[in-house]
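Enquirer: Got a structure for you, questions after.
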Amino acid sequence: MSAAEPTTTAAAEPPTTAAAEPPTTEGHLLGGRVRYAQPASGFRSGIEPVLLAASVPARPRERVLEAGTGAGAALLCLAARVPAIQAVGVEADAGLAELAAANARANGFADVRIAGGRIETVALDGPFDHALANPPYHAPDGSSSPDARREAAKRGSEALIRGWVDRLGRSLRDRGSLTLILPAGMAPACLAAMTDCHTPCTTIFPLWPKSGRPARLVLLRGIRRGRTPMRLMPGLVLHRPDGTFTDAAQAILRDGRALAIDRDGEPQRD
């Protein structure tokens, strides 16, 4: 099951990547609670933005900032779970920014605003209570994608990651939270960047593809000017041995339940 089941304004500055309106497909997130249109080809949303949104500890009327919003999957899921959040999503691709804004309107999320531009330079009206991102993660020397949108969404570098983390961290109020989802191999660079922008990591939460398998993805939580020692949590097992989602994963992906990544206990399976 994909997180986006087939069945997905005010521009603070001009978007840096001009693009024609892409053909789209209509679908839903969170078991039908969220209408979601996304590009018909190229980079398409997986489960990462849904898990990311579930882990953000936002409360009603708090202010939230996302870098690299894409078509808006994470902010849409967060707005569906937490009523009346004041959210800003930053997206450099003009076509995706327009699509994210349209998705917010289609779901009646009047307080979700999309800003066109790069997170490193876009004008922001901070501070924010929470920030989140699913950063680009392919190494600069890796094989490229023939799809320009997919390439832009996934091509990262240590300098780019540091730029994203620095801007997000510095946009937070003191004790505000920064939540990232990324491949485990990117964690060292992100941890260093979080420390450098005075938003040190307090929680590492592995996402296990199956019980006994290495975690390919992790969630990182940082707290602006926080002093809590970092903890490695038990994490969440995503799939049963037969490849179907565990009950714990389904509760997040289909039912819209929050993912408390700071909670102690055994790995969440059922």
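Here the Cβ of each residue, glycine as well, is placed from N, Cα and C on the backbone.
I grabbed these lines from TrEMBL:
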REGION    1-29  region 'Disordered'
COMPBIAS  1-26  compositional bias 'Low complexity'
DOMAIN    51-142  domain 'Methyltransferase small'
REGION    133-153  region 'Disordered'
Enquirer: Summarise the domain 'Methyltransferase small' (51-142) by DSSP state, stating how many residues are helix, strand and coil.
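Expert: Counting residues per DSSP class in the domain 'Methyltransferase small' (51-142), I get 27 helix, 24 strand, 41 coil.
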Enquirer: Mean pLDDT across the domain 'Methyltransferase small' (51-142), rounded to an integer, is what?
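Expert: PLDDT averaged over the stretch: 94.
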